[in-house]
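*Asks:* Copying in the features that Swiss-Prot gives for the protein in this structure:
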{"type": "BINDING", "residues": "51-52, Gln129, 175-177, Glu195, 241-242, 262-266, 272-273, Tyr321, Gly491", "note": "NAD(+) binding site"}
{"type": "ACT_SITE", "residues": "Cys409", "note": "active site"}
Amino acid sequence: MTRRDTTRVIRPATGPERTCKSWLTEAALRMLMNNLHPDVAERPEELVVYGGIGRAARDWESYDKIVETLRRLEDDETLLVQSGKPVGVFRTHADAPRVLIANSNLVPRWASWEHFNELDRKGLAMYGQMTAGSWIYIGAQGIVQGTYETFVEMGRQHYGGDLSGRWLLTAGLGGMGGAQPLAAVMAGAACLAIECQPSSIEMRLRTGYLDRSTDKVEEALAWIEESCAAKTPISVGLLGNAAELLPELFKRGVRPDLLTDQTSAHDPVNGYLPAGWSLERWHAMRDQDPPQVAEAAKASMAAHVKAMLDFQAAGVPTVDYGNNIRQMALEEGVTNAFDFPGFVPAYIRPLFCRGVGPFRWAALSGDPEDIAKTDAKVKELIPDNPHLHNWLDMAGQKIRFQGLPARICWVGLGDRHRLGLAFNEMVAKGELKAPIVIGRDHLDSGSVASPNRETEAMRDGSDAVSDWPLLNALLNTASGATWVSLHHGGGVGMGFSQHAGMVIVCDGTEAAAKRVARVLWNDPATGVMRHADAGYDIALACAREKGLDLPGIL
């Protein structure tokens with residue numbers, strides 16, 4: 001089992017020529033490779049895409065076998081992938097998914113990091129995060145609009161909708177957290193982001209998500225102060241450890257206008273540097289003594305959360321951004337760790353009630369012009385949404401593509417299928433140079449059960465009910481998605497979430513149009529269904545408006 005290979009540089013093919021037998025399998029191959037593009041993946045030599053140890057394949061041998069199998073897969077066959085390893089090819093039919101993926105799923109009683117890490121060391125499992133192991137990660141852009149929407153809503157609730165002259169304090173500049181600086185600036189706020197790994201800061205600078213960086217606290221604060229005074233937002237990366245710096249900043253009397261965190265606290269062994277430790281010690285001890293690392297990391301998380309609670313008590317709007325750091329602190333004795341809310345119940349749930357979530361697409365041509373054309377098509381089909389148009393304009397100006405050109409765009413039930421059908425027609429007419437892949441984050445309205453994040457504080461108390469993502473995956477499979485994934489532990493770590501993903505390919509054919517119409521209606525409709533079942537009035541109204549048949553609910 002080879003987990004590290006520094007000799008490989010993976011980039012997807014581009015253009016109209018295929019190496020697979022159909023565009024459906026070619027799309028899966030290109031998106032798998034795109035996840036490992038050096039401008040996309042955090043540690044591509046280790047197959048790690050983002051989120052601590054979120055991988056695209058279990059090991060390099062498995063990666064090679066997946067590539068080989070996709071290239072020979074027939075139009076009526078389906079590849080099964082078990083925790084990043086290809087395990088079977090079976091005859092199905094043309095409208096069935098070409099790939100079905102299950103990553104890091106464990107029987108609940110055994111669903112702990114300790115048991116998973118034991119399996120991982122034996123080569124029996126792989127952590128897929130959300131979009132790492134499901135081959136639809138598009139770099140930091142994949143989370144940037146959701147982060148932007150959250151910051152805009154924070155500004156609306158706390159500052160009358162105006163974040164100019166204000167600033168956000170946060171930590172974590174990995175594959176997810178790396179979206180924060182750009183999202184804050186796009187929302188009108190300056191951002192100071194603490195990050196312990198120089199490589200993560202360098203990647204955000206290189207890809208345009210961060211404006212400048214320093215390892216000096218005074219310099220960072222001076223830049224933020226100047227930015228706020230001029231009402232010209234900038235983003236600053238500060239090299240350091242959040243567990244050390246947040247308490248220090250509070251003691252100094254520093255008071256940001258907004259506070260959150262996106263360190264990889266979900267994984268106490270691989271994701272969070274203990275206070276007082278060097279990177280070298282951390283990397284060595286992760287292999288030598290994982291329990292000691294976890295113990296030290298969780299103690300540091302407790303200090304981190306205590307500082308966040310101090311800021312909140314001082315009047316700073318504070319929110320958990322879904323990395324499970326509150327749970328880790330609670331287990332370390334911080335009994336009031338959940339006094340600050342998660343971002344979904346605080347700011348995002350009304351969108352989920354209408355099936356609105358992180359719709360994304362990528363241009364298999366590799367040509368940015370194809371994304372520009374699809375952006376224009378979105379505006380044409382949804383003409384009466386100035387907020388969405390503003391987002392697309394900003395994205396076109398400020399977001400640099402990582403790997404294959406792609407776009408994230410939060411839309412919901414009734415719009416997703418219209419956009420998909422329009423993209424498919426553009427491919428059919430030759431307006432786009434190659435097919436389009438449409439997917440989404442597993443963080444969506446009907447595809448996840450995560451009591452400390454997406455399903456926190458559900459109205460009916462159904463936070464931990466995970467039937468919903470299972471039903472979502474089953475329905476997407478029956479509807480004809482090109483590949484479907486079912487994962488455990490993404491975002492918040494082992495034992496705390498189950499979630500499903502889907503991808504559909506627009507190859508310009510009539511058969512694709514039928515699949516697109518089914519999948520991109522049914523997928524967001526499950527989100528409306530899930531929230532209607534929980535008793536949310538917005539979801540119930542949406543279900544009635546869209547004519548959903550929900551016999552046990554309506």
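In case you wondered, yes, glycine gets a Cβ from its N, Cα and C as well.
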*Asks:* Including all protein chains shown, what's the count of other C-beta atoms within 10 A of the C-beta of Gly175 (NAD(+) binding site)?
*Replies:* 30
*Asks:* Which residues does Leu273 (NAD(+) binding site) neighbour through Cβ under 8 Å, counting only same-chain ones at least six apart?
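*Replies:* In sequence order, the residues whose Cβ lies under 8 Å from that of Leu273 (NAD(+) binding site) (at least 6 apart) are Cys196, Gln197, Asn241, Leu279, Trp282, Ala297, Ser300.
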*Asks:* At the Cα level, what's the spacing in Å between Cys409 (active site) and Gly175 (NAD(+) binding site), rounded?
*Replies:* 18
*Asks:* Once near-sequence residues are set aside, which residues in the chain of Gln262 (NAD(+) binding site), 6 or more away, have Cβ atoms under 8 Å from its Cβ?
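*Replies:* Counting only residues 6 or more apart in sequence, the Cβ neighbours of Gln262 (NAD(+) binding site) under 8 Å are Thr170, Ala171, Gly172, Gly174, Met176, Gly177, Gln180, Tyr321, Gly322, Asn323.
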*Asks:* Tell me, how many other CB atoms lie within 10 A of the CB of Cys409 (active site), whichever protein chain they belong to?
*Replies:* 20
*Asks:* Test of understanding: give the count of other CB atoms lying within 10 angstroms of the CB of Gly51 (NAD(+) binding site).
*Replies:* 29
*Asks:* Long-range same-chain neighbours of Glu195 (NAD(+) binding site), Cβ under 8 Å, sequence gap at least 6?
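*Replies:* Within the chain, Glu195 (NAD(+) binding site) has Cβ neighbours under 8 Å at Ala171, Gly172, Leu173, Gly177, Ile201, Gly237, Leu238, Leu239, Gly240.
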